[in-house]
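J.: Would you mind keeping the following structure in view while I ask a few things?
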């Protein structure tokens, strides 16, 4: 009694195994019947007549956009090329083969339309793996081979790094023309059901088109347009922002005082930094003379501005260090740069009242040409007063209130007049020389300060001009790529989308 369940289980397993064996035997028999060498030749096109067209349906499934090499102009993709056609020699009655409706056959054993990538860039025209084909009892053949294609892609560098590229995959039969096979699209666009997003590119569209040549009836191909848009974050952080910050340093050149002596050093340092970025760009984009990339245009624009800042800095330093002994300030320079322009540039020059005045001790004596009379009669009054006058008129006008002008005795004046006149004359000449020298120094210093202020006004003028041109140029260069539109390339012949 204990062996009864075991016997039942053994009987069921044997029955199932026998059923599977029958199905396997049916598939093996079907394979032998279909691919019998006397019945099937995989080199012959499956057509009932020489004029019959074999319709090949195609659909591209994008699995991954691996890379786009801008310098070598190559796009690498991982795709599945779905192909479907009908082979009348691969039909059977499923009831005669245990109900088998689907058969998987190795690709090398039946006829293939030998569709290859025409615009490949590495010499690999065919698919990577020849997978099995799915054949149905009605003769329909489905083949879904995977492939990694490296296709030639013409890179448009005009808006780099805000560019949008249109790369194509062109498929065509290598040995059959349009008089023998016809290539049609399953769907208007490529499939992205199993697509893995790229970190550098966004897929905008994947339209497909069937291209025929009216002048050549034997020509037909299927082309897929890969319209891809670059994600600019990487280049914005690593190229554009450093370039903009370097340009801001060039603006600070005009705000730097001329006395510090570092204006030219800063200008040349900024110019060298921009040259480094320009060399870095040349290693990324393709070496083409058809167009200049957007970031290259911006760098060239900034380098021109920095060169302009170097020239203006030389002019400003030349004006700043001018003196009355080397240059004469023209009236129009005074009128333009000292009176009119500062108002428009929001500049205000400190007035003479704001500068510290020179402190001179008050004069307690006023000496004029000696005359015969004076204002004192007694030695005590003469030596006791804080001031005395040689000229009687001065004595009358300058005597303090309550004091009585007195006259110096004539004999005293006559005795000391010779020596006194000589000393006074020498003193007057010395004082006059010192006063004239100080006056000349003040005038020269005033002219020097005027030249320095002119240099400051010129610096401020170029600062506003540089800022305006820099902002306008930056917006004018980087704004148009945000509104660019790209259409799929139609190719040299008329295209029909099925």
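Each Cβ is built from the backbone N, Cα and C atoms, and glycine gets one as well.
The N-linked glycosylation site feature in Swiss-Prot is assigned to 36, 93, 138, 166. The annotation site 'Key residue for a low dissociation (K(off)) from the conotoxin BuIA' is assigned in Swiss-Prot to 134. The feature disulfide bond is assigned by Swiss-Prot to 153-167, with experimental evidence given as support. Annotation comment: Swiss-Prot describes 240-255, 262-277, 297-321, 455-478 as transmembrane segment. As annotated by Swiss-Prot, region 'Disordered' applies to 357-377.
What's the neighbourhood like for these features in this structure?
T.: Cβ-based neighbour count (10 Å, all protein chains) for residue 36 (N-linked glycosylation site) stands at 9. Under DSSP, residue 36 (N-linked glycosylation site) is assigned to coil, being neither helix nor strand in the three-state scheme.
Sequence-distant contacts (6 or more apart, same chain, Cβ under 8 Å) of residue 93 (N-linked glycosylation site) comprise 137. In the three-state DSSP scheme, residue 93 (N-linked glycosylation site) falls into the coil class.
Long-range Cβ proximity for residue 134 (site 'Key residue for a low dissociation (K(off)) from the conotoxin BuIA'), meaning a same-chain Cβ under 8 A and a gap of 6 or more residues, is found for 102, 103, 104, 141, 142, 143.
Residue 138 (N-linked glycosylation site) has a Cβ environment of 12 other Cβ atoms inside 10 Å.
In sequence order, 68, 73, 74, 75, 165, 167, 168, 226 are the residues near residue 153 (disulfide bond), counting only same-chain partners six or more apart with C-beta under 8 A.
Secondary structure from DSSP puts residue 166 (N-linked glycosylation site) in a beta strand.
Long-range contacts of the transmembrane segment (240-255) within the same chain: residues 161, 263, 266-267, 269-270, 273-274, 277, 295, 298-299, 302, 305-306, 309, 312-313, 459-460, 462-463, 466-467, 470, 474, 478, each at least 6 residues beyond the stretch ends and with a Cβ under 8 Å from a Cβ of the stretch.
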J.: Other than its close neighbours in sequence, what residues sit by the transmembrane segment (455-478), given a CB gap under 8 Å and a spacing of at least six beyond its ends?
T.: 162, 240, 244, 247, 250-251, 254-255, 258, 294, 297-298, 301-302, 305, 308-309, 312, 315-317, 319-320, 337-338, 341-342, 345, 347
J.: How many other Cβ atoms sit within 10 Å of the Cβ of residue 166 (N-linked glycosylation site)?
T.: 17
J.: What's the CA-CA gap between residue 138 (N-linked glycosylation site) and residue 36 (N-linked glycosylation site) in angstrom, rounded?
T.: 18
